[in-house]
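Shown next, in structure tokens, is the structure this report addresses.
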Amino acid sequence: MNAQFDPVTLWTVIIGMAVGSFALRFVFIGLVGDRPLPAWILRHLRYTAVAIIPALVAPLVVWPPATGGAPDTARLAAALVTAATGYATRNVLAAMFAGAGTLWALLYLTG
Amino acid sequence: MTSTTVNSFFAKGFRDGLPFILVAAPFGTLFGVLATEAGLTLFETMVFTFTVFAGAAQFTALQLMQQDTPTLIVLVSALAVNLRVAMYSASLTPYLGAAPLWQRALAAYFTVDQSYACSVVQFETEPRMTVHQRMAYFFGVVAPLAPTWYAATFAGAALGKTIPESWALDFVLPIAFIAMVAPMLRTRAHLIAAAVSVVVVLLGAGIPHNLGLILAGLAGMIAGACAETVIEGRAAE
């Protein structure tokens, strides 16, 4: 995990994200004014985070890089406990602590 | 008189924003730790956090850069995670659109989940607030939050190298992401969007350059939007 990034890549990402995320936030409040948006655009925007984040996480849960891609009981269980706690309690921190607790307990017991 | 009420709206915003430092502090620390672990210097980490100011998008970029993803895909994916702030911006516009440009630019920078959620509730509950009072409230919510996020990132970055390997930090980020997204799954359409994206990304695991992530994200968004249309159609019958 200690590989240094190429500085050009890193700064391209930082500057690109700085400009891009400001643009996303400014586009409506700054430029569009109070004209209403088409409903279909808003309907798709509502699902961006719940579509991208699970897609980012799923491969890391099923094939964790730390084990060389072999499925791992502790990590799978931690992911399931986090999801279940977060869904049931609607509480980000409760989910986070339940998941991390499960991970560390299982790694300690099996390691 | 006016300045008194403006101050009191700032104070109300501050009180409403205060509980969220309990979320900003651990996540900011985590970002600092993981960025340092990934090889960013303290300076790079702080510039990242100051200029971008979007937790989930920052974590996404960090994760993808470690998987040797092409820069363009890192940017597209990280910004896609943050597309929801465009929706917030659109939704706040009727309330704040009449403010001076510099205030709107500043508000745009500080538009995050917490400032949006508090503000929209407040503005709907008290529709007679002036634009000035609304801006005061909005910045009140941000006032405890933003410094906590910056300071926590700094603390995490300073701490980063000292954390032992046995803590399995590799998996803290997936847990953090799951913890962020699970409470967002409020409706069946949200669940369908998430399920479709997981299935597509796992089936597309062989697609190079992490392009499967973008495909899965698009599939999930479309699935969510379609599901919403169908469910609303049924409810209307």
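Each residue, glycine too, has its Cβ placed from N, Cα and C.
According to TrEMBL:
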type	residues	note
TRANSMEM	B:20-40	transmembrane segment
TRANSMEM	B:47-66	transmembrane segment
TRANSMEM	B:136-160	transmembrane segment
TRANSMEM	B:166-182	transmembrane segment
TRANSMEM	B:189-207	transmembrane segment
Go through B:47-66, B:166-182, B:189-207 and flag the stretch with the largest number of C-beta pairs under 8 Å relative to the transmembrane segment (B:136-160).
-> B:47-66
Sequence-remote partners of the transmembrane segment (B:166-182) [C-beta within less than 8 Å, at least six residues beyond its ends] | 27, 30, 33-34, 37, 56, 59, 62-63, 194
For the transmembrane segment (B:189-207), sequence-distant contacts whose Cβ falls under 8 Å of one of its Cβ atoms, 6 or more beyond its ends | 181, 213, 215-217, 219-221, 223-225, 227-228, 231
